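Engineer: Handing you this structure, nothing more for now.
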């Protein structure tokens, strides 16, 4: 990890992570330090941490998508660096582990916009609740999964070794899987892609019957 580039501290105290189509700005007071976190999810981010893509996008569209993805990745990287600098005690990137990444993900839940019903809620498992409820707002699994994908790539781009990547730690993967499964149950939705069943193959109705004397020879 000697070649790992630490975060630039000249970025100030503001950073952003894109998480929803609505933008909220929150000031977090921690040991007399202010962190202004502006969060708004990029529509170009898909579940899995990559760029949204089509089968054959125009060159200009593909370039714009790549640029927006790279900008988002840079903002996420700077925000994580801000989080580490405000950690108590301050934490260097080279000493960051999967446990610290989990702390960061739980910290982000306070900015979530996704209603996650508790098991005691009458709307638990209801995809379209008919009325409001006091259940907490959380970061959606897809948002966290895409965020980790971008940070995992950024870590290695800044000199980190793949085998020491805290964003690829087993604990992080298990946490994301747990969030996915619990939110699927609470919200009554499925994140699994359904496989299309092939219709049974029937012989065409206009097939010619065999000649009557075919079996006699």
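Glycine is treated like the rest: Cβ placed from N, Cα and C.
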Engineer: If you look at how TrEMBL annotates this chain, which of 38-70, 71-103 comes out as region 'Disordered'?
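Structural biologist: Checked against TrEMBL: region 'Disordered' maps to 38-70.
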Engineer: Check each of the ranges 146-181, 182-217 against TrEMBL and return the one annotated as region 'Disordered'.
Structural biologist: 182-217
